[in-house]
Amino acid sequence: MSSAMQFTLIGFGIDPDYQIDIINELDFANAIYGITQVAGLHNNSKAFLFRDVGRAVHAPAHITEKVVELFRSKSEFTFLASIQQKTSTSGVIFSIHESEHRIYERVIDPPQMDLTLGSGVWLGQHSHKHGLFKGTIQDVKLIFAPNSYITQCPNLNRCPTCSDFLNLVQGIMDLQELLAKMTLKLNYAESRLTQLESCRCERTCSANGVVYRDKELWVEPENCRNCGCMNGVVECRRIFCPPANCSEDSLSVHVEGTCCKKCRPKCTYMAQTLSEGQRLLTKRCTECKNGMMVRVTENCPELNCTLKEQILPDNRCCNICKGYDFCAEGLICGENSECKNRNTRAECECKSGFASIHGDSTYCEDIDECVTQMHYCRANTVCVNLLGSHRCDCLPGFIRVDDYSCTEHDECASGQSSCDDNAICTNTIRGHLCSCKPGYVGNGSICTAFCEEGCRSGGTCVSPNTCVCPSGFTGLHCETDIDECAEVLIQCHIHSRCVNLPGWYHCECRNGFHDNGSYLIDGSSCIDIDECATQTHTCWNDSVCVNLPGSFDCMCTSGPACSGDCLYEEGLKHNGQKWNHSLDHCSLCSCKDGRTFCMRRECHCADPETDLFCCPECDSRKSSQCLHQSGHILYRSRDSWIYSCQQCRCLEGKVDCWPLACPVLACKYSALVEGECCPHCVTDPCLADNIANDIRQTCQDPAGITRLSSATWPMPGSPCTTCKCKVTATTHILPDTDTHTERIHTQEHVKTHKHMYIHTH
């Protein structure tokens, strides 16, 4: 089953005959009472609200027959639905059964597909009276095809899981942390640069081990450039070389020891043009000398590679192995270029930020990004060219945002940002950006701690993966109820016993005692039941009932008529007689001196005839065990536990749950704390949940407007705050000088609820 939005299946490759749209096929003509069409989780299909009233929502006969037949003929099926269940409720979403039975929950593996032809198909309930679901149901479909759950995600090869989502959240948190670290480093570097720029000393330059004063010029013939010291920065320019203007029988080539190309004779052979010293392999090896190709003899070395792994380099006569390092031969490239190995030769390539001179990459000159508009400087900056790069300086009066932009104010540094204390502030040109720190979620203005597995039982996530639990709960995620009774954290009166409840406890009167009406929390209001006076004893004939604390006794005064027999279910049991309990065959009753005693039979697990129903602790069969709703705890038959404010019990492999019985509260006001199941007594009516508002009374809000009792309104200037008028009538007895009169006074209470909301556009 899936609670995600479903998509249309047409074109996905599933036969429509194997799909059943339960909502469209149900006989809603017979189920008007108890359900209402409402706006669903999306607008693509109908949705219905199932209310907490009696109803009968089931499929017509022909649809039931089709469903049963598909179950019987197919080996796989998928049940899809979009649901939104009412909180603190339980119910059946979909059921197929033959007759009326009490509802149990069990894990069935594999699912039972061989259904009876007389079965019925129900939606939102188990049968006419049981398992009523409370909430909204939409997009209910049965698909009888392998792996048909993938229809939920038609554009993926599988559906995203909770683990995928958590990995995405963790990735975002890691990126936020990395951004925070980079921001700190950039701020530190900027402060260091600011200190250097404020220096007013004469700026010198250092080049090739020589220190030059500001504006001093020099020549570097080995690099073929003229250089100068300009405000502490060495600026060099390539020596200008005029065009060689060579004749038709010569080429311009680099000559060792010179900066500019010189004209040298060229050779033309088989439509190829070669410069002085270049060789060509035809049938024999030839070399260009003084404009003519002459035969030369060259002894080629032996190669440590196969013939297929050999190549012939450009302008050479001997093969080499692939992967040969041509640059290691000493090709001379200028300062702003570097040697690059190609397939059959080495050549010079300009470094980033430099361009070749006259199309020759041996010597390269700086590209002025500022003049050529190849920079990335934005508003409030000026471009400054650097050797092979550039920088963006802030205009006077502006402060830096990043490498390429500046702004007038730093709202982050001045404390004028709207960022949460748990957010990272990043200054921008037109303001600032807020992003939550790792371990927090929100829009940056509001960041709340994120606990991956959440905080249960009303706990609060106060820092990343840290929960603060309410009273009565403990554990990393507040998942464990503190058993105050087992840990002897409280002391109930001797006439009562401690009963553990989720989040707290209750002192319940023992057998033979009842509360006197004051319902004191420690059970001290439990008083003895006089069985003799209330005629609830079992004394018979001439025996006399004698009341005892929590019990009674039958005393024989005299005569043979005082037999010590007992009355039991309008019958007579003789003194000393034993019999099986009429309602519980696991209990054995006996009559002793007019008193009836019933107790559980002793269990002997070694006895193969032991009744496992009466002795579940002897039942080791796996089929009798039950799995907790969380899927992590295994119970034996007859074990009981509390889950979602329900008392649950394992009954021979089946789980039976019913609403948890809460103690009776004698107080006037009570409130239900989040995470707990039963209300507590409170003295403040503003905190109470059970107030009956008197509509004749009014409240006056802070603006002076009169509000009716139970009215709600948003607080002006604070759209996230809702106010409510809660008025109760209380009686005070005020003494007068002459007589005592009762005067009714009205207490006014204005209760304020703070809550967060998410608004989307």
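Cβ atoms are placed via backbone N, Cα and C, with glycine included.
Annotation source TrEMBL lists domain 'VWFC' at 203-264, 624-682. Taken from TrEMBL, the feature domain 'EGF-like' covers 366-407, 408-448, 449-479, 481-519, 528-563. The disulfide bond annotation in TrEMBL covers CYS451-CYS461, CYS469-CYS478.
Same-chain residues lying 6+ beyond the ends of the domain 'EGF-like' (366-407) with a Cβ under 8 Å from its Cβ atoms: 186, 190, 233-236, 336, 351-355, 427-430. The predicted model assigns the domain 'EGF-like' (366-407) a mean pLDDT of 87.
Two recorded stretches are said to be in contact when at least 3 C-beta pairs lie under 8 angstroms, sequence spacing 6 or more; the domain 'EGF-like' (481-519) and the domain 'VWFC' (624-682) meet this definition. Counting only the Cα atoms, the space from CYS461 (disulfide bond) to CYS478 (disulfide bond) is about 10 angstrom.
A Cα-Cα distance of 12 Å separates CYS478 (disulfide bond) from CYS451 (disulfide bond). For CYS469 (disulfide bond) paired with CYS451 (disulfide bond), the C-alpha to C-alpha distance reads 13 Å.
Across the domain 'EGF-like' (481-519), the DSSP tally of helix, strand and coil residues reads 0 helix, 16 strand, 23 coil.
In terms of DSSP secondary structure, the domain 'EGF-like' (408-448) contains 0 helix, 17 strand, 24 coil. Within the same chain, residues at least six positions away from CYS451 (disulfide bond) with a Cβ under 8 Å of its Cβ are CYS461, PRO464, ASN465, THR466, CYS467, HIS477.
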